[in-house]
Amino acid sequence: MKKIAVIGAEGRMGSQVVRAVNAADDLELVAELDRNDDLTAETLNGAEVAIDFTNPQVSQAHVLACAMAGCDVIVGTSGWSEADTKFVLPALEKTRALIVPNFAISAVLAMRFAAEAARYFESAEVIEMHHPDKLDAPSGTAAHTAQVISEARKEAGLGDSPDATEYDEDGARGAKLHGVHVHAVRARGYMASEEIIFGNAGETLIVRTDTTDRACYMPGVVLAARNIHRLSTGLHIGLDTVMDLPNE
């Protein structure tokens with residue numbers, strides 16, 4: 001059985017991860033750690049894989065500590081930037097870090113569909129909707145979606161979406177990530193939703209995913225824990241890296 005440590009075990013997501021690991025026949029929970037606990041080989045208690053659901057202020061340090069202890073790590077913490085990933089990369093010569101913007105299968109497939117659609121539409125924008133207790137904006141999922149859209153558009157030889165806006169002093173057009181406008185909504189009634197809008201003259205395409213229960217993340221978490229060893233050492237991003245998706 002693969003030995004698992006959960007970091008942030010007392011949090012909303014972490015507590016569900018603990019239950020999911022305990023329910024899996026091929027996983028063994030060997031450590032439940034709070035986000036402020038010291039991470040050492042001793043406290044990780046022989047874990048082969050650590051699963052981090054904490055916050056951006058401590059998540060980088062957790063990845064580095066796991067690497068020093070020889071433990072692979074799956075990061076479900078949102079809010080990682082490109083600079084953050086570059087910072088931890090040198091420490092990952094012998095271990096793996098898998099950063100997962102979203103563990104929901106629907107969200108992973110929505111991003112894949114978005115990458116495919118982005119090649120064929122002149123306009124593309126992202127709207128993400130979350131509960132008002134979420135600490136970061138835009139979400140890691142939205143940022144990653146913008147990145148995959150941007151990469152697909154570049155491969156197709158497309159430039160930025162057309163936009164004649166000249167005045168936006170109040171930020172009504174939202175953030176612009178990788179050349180893609182991203183809008184964040186924080187409101188009661190949402191848990192986690194994303195809408196990806198594509199447009200051409202005379203037509204629009206909307207790809208949408210809605211998460212209503214955190215239980216939907218657990219199959220993805222368990223899948224990542226089971227399969228992270230298949231990846232090369234170093235840094236990887238996205239649940240799709242451990243999914244057997246067909247080649248595009």
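Using the three backbone atoms N, Cα and C, a Cβ is placed for every residue, glycine included.
Lifted from TrEMBL, the feature list:
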- His130: active site, proton donor/acceptor (ACT_SITE)
- Lys134: active site, proton donor (ACT_SITE)
- Gly8, Ala9, Glu10, Gly11, Arg12, Met13, Asp34, Gly76, Thr77, Ser78, Val100, Pro101, Asn102, Phe103: NAD(+) binding site (BINDING)
- Arg35: NADP(+) binding site (BINDING)
- His131, Gly140, Thr141: (S)-2,3,4,5-tetrahydrodipicolinate binding site (BINDING)
- 3-103: domain 'Dihydrodipicolinate reductase N-terminal' (DOMAIN)
- 107-241: domain 'Dihydrodipicolinate reductase C-terminal' (DOMAIN)
Averaged pLDDT, computed only over the residues in the domain 'Dihydrodipicolinate reductase C-terminal' (107-241): 95
Closest of Arg35, His131, Lys134, Gly140, Thr141 to Thr77 (NAD(+) binding site), Cα positions, recorded positions only: Gly140
Minimum Cα separation from Gly8 (NAD(+) binding site), reported as the residue among recorded positions His130, Lys134, Gly140 that achieves it: Lys134
Residues satisfying Cβ distance under 8 Å from His131 ((S)-2,3,4,5-tetrahydrodipicolinate binding site), sequence separation of at least 6: Arg186, Ala187, Arg188, Tyr190, Met191, Ala192
Coarse DSSP state, helix versus strand versus coil, of Arg12 (NAD(+) binding site): helix
Tally of DSSP helical, extended and coil residues in the domain 'Dihydrodipicolinate reductase C-terminal' (107-241): 47 helix, 40 strand, 48 coil
All-chain count of other Cβ atoms within 10 Å of Gly140 ((S)-2,3,4,5-tetrahydrodipicolinate binding site): 22
Length of the line joining the Cα atoms of Thr141 ((S)-2,3,4,5-tetrahydrodipicolinate binding site) and Arg12 (NAD(+) binding site), in Å: 18
Max CA-CA distance, Å, over listed NAD(+)-binding residues Gly8, Ala9, Glu10, Gly11, Arg12, Met13, Asp34, Gly76, Thr77, Ser78, Val100, Pro101, Asn102, Phe103: 21
Closest of Glu10, Arg12, Val100, Asn102, Lys134 to Arg35 (NADP(+) binding site), Cα positions, recorded positions only: Glu10
Which recorded positions sit within 10 Å of Gly140 ((S)-2,3,4,5-tetrahydrodipicolinate binding site) - Cα, from Arg12, Asp34, His130, Lys134: none
Fewest other Cβ within 10 angstroms of its own Cβ, chosen from the recorded positions Glu10, Arg35, Lys134, Thr141: Glu10
DSSP-derived helix, strand and coil totals, residue by residue, for the domain 'Dihydrodipicolinate reductase N-terminal' (3-103): 39 helix, 24 strand, 38 coil
Entry from the recorded positions list Arg12, His130 having the most other CB atoms no farther than 10 A: His130
